[in-house]
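Worksheet: one structure, shown below.
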Amino acid sequence: MGLPKSFVSMSLLFFSTLLILSLAFNAKNLTQRTNDEVKAMYESWLIKYGKSYNSLGEWERRFEIFKETLRFIDEHNADTNRSYKVGLNQFADLTDEEFRSTYLGFTSGSNKTKVSNRYEPRVGQVLPSYVDWRSAGAVVDIKSQGECGGCWAFSAIATVEGINKIVTGVLISLSEQELIDCGRTQNTRGCNGGYITDGFQFIINNGGINTEENYPYTAQDGECNLDLQNEKYVTIDTYENVPYNNEWALQTAVTYQPVSVALDAAGDAFKHYSSGIFTGPCGTAIDHAVTIVGYGTEGGIDYWIVKNSWDTTWGEEGYMRILRNVGGAGTCGIATMPSYPVKYNNQNHPKPYSSLINPPAFSMSKDGPVGVDDGQRYSA
């Protein structure tokens, strides 16, 4: 026997009312903030980030941008179905063009090395279900590129710092400024953007790289200090590219070392990301270089652990978790152009993450990984 029409109508009315109340509650920040309250928030934000505007009309112009950013944040976070949050950070009163031209410095183009088969998927290959090179001591603290499009240098240096630690056991913070000042090429122009692989090639050609302490970061282009360039503390042997658009190969590579990648970071959601697993929206027009330092799964959602160079005020203390295993180019194009430095030890290649955390379960040869560990198995 069916339910009475009056009962069905009352039920629909009840649930519709609940939905309206829920939306109203979630949108309360949008409707209850007065202009004076938002102004007070902006003044506090200006103090926090050390900003001030003195030219006529500039404060008012920036305040309008801030208000729109706050509206975007409130609308995004009101949706409880989203897997990540956004928030106010140092970019809150920048226009999209200012943000892109200042902070996105990856120059896309053809890579100059052939793709290596070192991390090609192998039938039956099993990878750890979780990797975090931070816990293995192979990741230097978050750095800030400042108002310089030198993300390519930060990504290259982060992977060199990582492989050096994995091979030698010593973690040394290295000099991005040396790459920016001394590593210029036709396509790599310091704070005006560049190739990650040009950074690797400079270190190889130079016979090494200096430390951050000796050649400190200035967030601007400078003349190459030849005396400091000749102080070489860390070397690499070569660099290679992970097979393109292949997240399993990328996962294999990250099992053995941090990996440089580029992605599309131009959208508002990426710019204001604060926590959770980022799922977009974003495209695949890669414009920003970062470093993958691990991967994992939370609540059934696979993710990459990404180290950025926008200070600890962005994201999860400077890091982002971004959706993994979506196929093709990956979320925001993260699997489009991965690359990594190679530094040989007596066994020709570093040990994987699992052997540094637990008893060794892999062995390495110059041709690639051999062996298995607990985790995810690849099948063709």
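Backbone N, Cα and C define each Cβ position, glycine as well.
Here the structure is a predicted model, which means the values were calculated and not measured.
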Of CYS191, CYS224, CYS282, which cysteine does Swiss-Prot list as the disulfide partner of CYS148? CYS191
Of CYS148, CYS282, CYS332, the disulfide-bonded residues given in the record, which has the fewest other CB atoms within 10 A of its CB? CYS282
Around HIS288 (active site), how many other CB atoms lie within 10 A of its CB? 26
Whole-Å Cα distance, CYS182 (disulfide bond) to CYS151 (active site), is 16
Sparsest Cβ surroundings (other CB atoms within 10 Å) among the recorded positions CYS151, CYS182, CYS191, CYS224: CYS224
When you measure from the Cβ of ASN81 (N-linked glycosylation site), how many other Cβ atoms are you left with inside 10 Å? 4
